[in-house]
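Quick look at what TrEMBL annotates:
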| type | residues | note |
| --- | --- | --- |
| DOMAIN | 97-420 | domain 'PDEase' |
| ACT_SITE | H173 | active site, proton donor |
| BINDING | H177, H213, D214, D323 | Zn(2+) 1 binding site |
| BINDING | D214 | Zn(2+) 2 binding site |
| COMPBIAS | 436-449 | compositional bias 'Basic and acidic residues' |
Amino acid sequence: MSCLMVERCGEILFENPEQNVKCVCMLGDVRLRGQTGVPAERRGSYPFIDFRPLNNTTHSGEIGTKKKVKRLLSFQRYFHASRLLRGIVPQAPLHLLDEDYLGQARHMLSKVGMWDFDIFLFDRLTNGNSLVTLLCHLFSTHGLIHHFKLDMVTLHRFLVMVQEDYHSQNPYHNAVHAADVTQAMHCYLKEPKLASFLTPLDIMLGLLAAAAHDVDHPGVNQPFLIKTNHHLANLYQNMSVLENHHWRSTIGMLRESRLLAHLPKEMTQDIEQQLGSLILATDINRQNEFLARLRTHLHNKDLRLEDGRDRHFMLQIALKCADICNPCRVWEMSKQWSERVCEEFYRQGDLEQKFELEISPLCNQQKDSIPSIQIGFMTYIVEPLFREWARFTGNSALSENMLSHLAHNKAQWKSLLPKPHRGGSGGGPDLAGQGAEKEEQTGTRGDTP
């Protein structure tokens, strides 16, 4: 073991010596590497397998422990899905359950451009591999594999790295959120006002940025990292701490996988920089900056999408919209995302309370209700951005559909407000400022509602 070293590991350091404990394993992707640079072990949270349907075909003597079953089926599903996406018909079915689920997943992918796409169902059908499966499909349908001469095995390996570097224990900032944002980004890239101007590079950048925009998210926000003197806050000087980390982590995986190694150096450098610009735009603290720029462009009618800089700006806006689009989904999905993000907030609040830190805005479960958080987030973060996006698209069918869902969902949350809050602000004005402090969907979170 002497030849191994820890590449990345996170801990929290408190000023009070009594609190100086490794209480939280944040950014907990501890990767061990040998001298050759090849991963000796990767952080593995393998997808949950329901063993009940497998009881009639799984024999303990053949496979052994449940952990081995998880590992085996996880790998087999990855391999099987990869072969299907490359058009290779398997000689024998992997498993009846797999075939049935993959068939349903393929059917869902035929409707991936629909706004009512159920990412939670898709994640179950792909056995927790929604991000990998979705990206492989989108790269194929957009012709990116052929255009950039990408190796399918290398692409798959890179996407698995991205998916695994999301923390499955996070209620909200996990790989399913990344897949949801990627599917929304795909819908926005198809908007007529934008689609006809996009180049293959624009499309690849948009999809990659959406997929990796929250990679290795620790489940707490930037203020928490700052007040606990986390090494990432020091590294990025308290500026867009998480977004910088997401970007740098993505670049590291791109280089490690060598997905773009065959492209000219100048091109790969440009891709890395543009990915950074897109991911950094998701910082909720920059919401007003981007909103003001968009309003000015729309007022002056000076957006020239033939120009690469204007296209890139609209890709930034599209990613920001995709990142906080949950309140614009159908109520059943929107409500589930809202509950997930608030659960993540409350976990942070419990942690802050445990170590006698000031509880961050929106993180106090006793004071901050889910309805009040969501109403504030919708009013001060989501509505202003999506109204301007609708202006840009010329009130497209998708934009009108999203605004309709947004209005309905807001009314639903108002009806669920605790009675003592009825008639009050409902967490209104204060949540605007609080939301700016929370990271993605952070207002109820810039990241997702």
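We count from 1, first residue shown onward.
Glycine is treated like the rest: Cβ placed from N, Cα and C.
Each of the binding-site residues D214, D323 was scored by how many other Cβ atoms lie within 10 Å of its Cβ, and the smallest score goes to D323.
A 10 Å cutoff on Cβ-Cβ distances gives H173 (active site, proton donor) a total of 29 other Cβ atoms nearby, all chains included. The local packing around H177 (Zn(2+) 1 binding site), expressed as other Cβ atoms within 10 Å of its Cβ over all shown chains, amounts to 27. Note: the CA-CA distance between H173 (active site, proton donor) and D214 (Zn(2+) 1 binding site) rounds to 7 Å. Across the domain 'PDEase' (97-420), the model assigns an average pLDDT of 97.
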